[in-house]
Amino acid sequence: MEASAGLVAGSHNRNELVVIRRDGESGPRPLQQLSGQICQICGDDVGLTVDGELFVACNECAFPICRTCYEYERKEGNQVCPQCKTRFKRLKGCARVEGDEEEDDIDDVENEFNFDARNRQDHAFAADAMLHYGRASDSDLHHGLHSTPLVPLLTNGQMVDDIPPEQHALVPSFPGGVGGGKRIHPLPFSDHALPVQPRSMDPSKDLAAYGYGSIAWKERMESWKQKQDKLQMMKKENSGKDWDPDGDDPDLPLMDEARQPLSRKMPISSSQINPYRMIIIIRLVVLGFFFHYRVMNPVKDAYALWLISVICEIWFGISWILDQFPKWLPIDRETYLDRLSLRYEKEGQPSQLSPVDIFVSTVDPLKEPPLVTANTVLSILAVDYPIDKISCYVSDDGAAMLTFEALSETSEFAKKWVPFCKKFNIEPRAPEWYFAQKMDYLKDKVLASFVKERRAMKREYEEFKVRINALVAKAQKVPEEGWTMQDGTLWPGNNVRDHPGMIQVFLGQSGGHDTDGNELPRLVYVSREKRPGFNHHKKAGAMNALVRVSAVLTNAPYLLNLDCDHYFNNSKALREAMCFMMDPLLGKRVCYVQFPQRFDGIDRHDRYANRNTVFFDINMKGLDGIQGPIYVGTGCVFRRQAFYGFDAPKVKKPPTRTCNCLPKWCCCCSGKRKKKKTNKPKSDMKKKNSSLGASAPVCALEGLKWLERLSYINATIYPWTSIPLLAYCTLPAVCLLTGKFITPELSNVASLWFLSLFICIFATGILEMRWSGVGIDEWWRNEQFWVIGGVSAHLFAVFQGLLKVLAGVDTNFTVTSKAGDDEAFSELYAFKWTTLLIPPTTLLIINLIGVVAGVSNAINNGYESWGPLFGKLFFAFWVIVHLYPFLKGLLGRQNRTPTIIIVWSILLASIFSLLWVRIDPFLAKSDGPLLEECGLDCN
């Protein structure tokens, strides 16, 4: 037999055989040479026509193909000859396919449109029939497969001494079956009972001697199988109603699109992330050489300063490593809202999107204005989501009647605002911020009635604001007997610390319709019960109460919590979250989806880093690439099951007293706790573990990846950086006051390490801004507030945590004031936030004093002392520049800066200035005589 069937290659890992075409051979072959040949696609006999003649599929090149492969290529393939690429013509006895020309010379009407038999066949039967064409029966094949597990070996079509002819690759047989039927495996070989025995080719022979075939046929066959699987799935979902098995349904492309993933990861391009990673490695190497120089070159006349500085720098280096490497794999994410709608929102059917319960928490309506809370609620009620799937729960932890009445007014205004937003597709859907936008509000608006209705709605909102302001003014004067409701009964929340639970449903479930007659989302007011003597756990306790109340009323599978001053700036935000939560492949592994925070009403330069874009656009993207972002306290969609957890497995009965009792007992006391770890979109989900191990998962060998461990460690210890940061910011002033410095005189090599480290620091920041899109002003503002927060908020957090752990002293925190200060609810939270200003103010004063002292000392001692002074001044100005926003804010609020802050700061600065007692900068120094022991004995 000629070696014309192609190269048959196989793999014992995939259990499949592949026929590889030889590209070098082409051109037609004589018809007489095809007699007795096999199909070049499946390896079966070409066969004869109904007239007894040799079957020829292609009249141009006479490429040998059997009737089965010919019909398959016409119906499911590309309908062209594999060799000459000429389109197959319809032969007598074959069904017509789309694209066939009308031919009068073929009288075959009875077979031309005979599709009924094929339509009634199942996909699995059709595929198996192709593999069994012209072969033995299934029973013979099954017997042959399990009687002698042989696999066709690779030959060149010739007889080989050590290979029997029945085991040639092109003519495989399985003895033991009746009739000795043969079987070719063009599809993946799935019988694992057959051991694969690979045989190497003869290297002395040319590849062309092994024949040629069609690898493209295998790929088309796999594509055809996938298509048939999808068609079968669609048929089951439609229950066979009006189903077109030929795939002519116009909705098939949409149904196929609906089965695509709802989101995808978008890694940062290699041209941006690879230089960033490279400079991190370079900086790590430079940092090692820098620390080697610092440790090996102490300052003998200022050993204490040198030691403190080295310890601080080593801590900064470790902190940088813990913070930097979690950014090694940053990613972006893209959602497909159209696929979500195609999958869960079919025309004419109820929406299948999951319900969502939204929590809004507030405490003091005088510090958190009701108008702000009302805007948040209105943006929730007008969100682009099915109205029967949305429920808004407002938690009033202060039990204020003002909040209750403001929500009542809000529910009435929502009946006008919600249909207006949905009719004209308004963004954002918080009225205060929508009407305050300085932009062309007519852009993309095509309805002629928009201008008139917008003007009327703006007037309605202004009247709504007046009514809310009237309620706030009324609440300023509390009656002696307490507030009274409309029916004359006392308001249950008059005593903030002792009142029953209150729940009021304002909207939803036919509780009110909008102006168009449509149902509105559910709006519920909740004030949890409080009794004296119980720890109510502040906001955490309020959230727990909302979880329990919502579980009784709506029990939505997903929860979203918002602060009262956070609104939806994108009405499709919930749909974005559902693209992760309801993804058919990865959705069940998602615990929560964290949205970034964006702030309005701040100055153009963002002098106080309110936007915090570095954290959300750099740190959070890095964490998302290795496991999932952290929860920031608001703007997060949770899976309810993540709160409830999983039931612990039932306790097994104690083992009987046998010889294997001791090992069973020992395994329960292992030192490692296994952790169910998965990399999930946007989140991390953990199951409760019933193991008795007590070690943390960060230390478990099989628990976390090394980048995840660094992230957990960094999130745990980063506040501790405030202690060495405070000490390091104090060193410049001490150096200027004492005339000492933390480094010896720099050599050329030492200067090179210092310069290289500064270049790497700036290069890391520049490349970080490049792949994240963060501006240089935002990056620099973040660096400034890293220092400001480190020497104030983080420092106090560390000491308060130590007091709570070591001495049991708990600390209360105040609510952030969004309006005028008032002490009506001061008993709820008590904390003197002004003490946070003392450390940074003290640092500013002592460094400014140090600069003045250093410059005056250099002036008095001559120009030779200016050289060492530049390093000290640079060190001091580094601290002052980082604290400049704090200084600007402090000076900008002179009328409100507490006197105690100024007193304490000056006092502490004076203490540090006492180190300068031996320095008199305004008088020249004169050296007195040196007294030494005489070397001569005068006696």
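Heads up, residue numbers simply count up from 1 along the chain you see.
Backbone N, Cα and C define each Cβ position, glycine as well.
All TrEMBL annotations are machine predictions without curation.
Keep in mind that what you see is a predicted model, and the values were worked out from it rather than measured.
All chains included, 22 other C-beta atoms sit within 10 angstroms of the C-beta of SER361 (UDP-alpha-D-glucose binding site). What TrEMBL records for SER361, LYS367, GLU368, ASP397, LYS538 is UDP-alpha-D-glucose binding site.
Summarising the annotation, TrEMBL assigns compositional bias 'Basic and acidic residues' to 233-244.
Here TrEMBL flags 39-85 as domain 'RING-type'.
If you look up TrEMBL, you'll see 233-256 (among others) marked as region 'Disordered'.
Among the features that TrEMBL reports, region 'Disordered' is placed at 672-691 (among others).
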**Asked** Can you tell which of LYS367, LYS538 has the most other C-beta atoms within 10 Å, given these are the binding-site residues?
**Response** LYS367
**Asked** 10 Å Cβ neighbour count around ASP397 (UDP-alpha-D-glucose binding site)?
**Response** 25
**Request:** Give me the mean pLDDT over the domain 'RING-type' (39-85), rounded to a whole number.
**Result:** 79
**Item:** Cβ neighbour count (within 10 Å, all chains shown) around GLU368 (UDP-alpha-D-glucose binding site)
**Value:** 23
**Request:** Would you mind pulling the DSSP three-state label for LYS538 (UDP-alpha-D-glucose binding site)?
**Result:** helix
**Message:** Looking only at the domain 'RING-type' (39-85), how are its residues distributed among DSSP helix, strand and coil?
**Reply:** 9 helix, 4 strand, 34 coil
**Complete:** Largest C-alpha distance in Å for the UDP-alpha-D-glucose site residues SER361, LYS367, GLU368, ASP397, LYS538, as a whole number, is 16
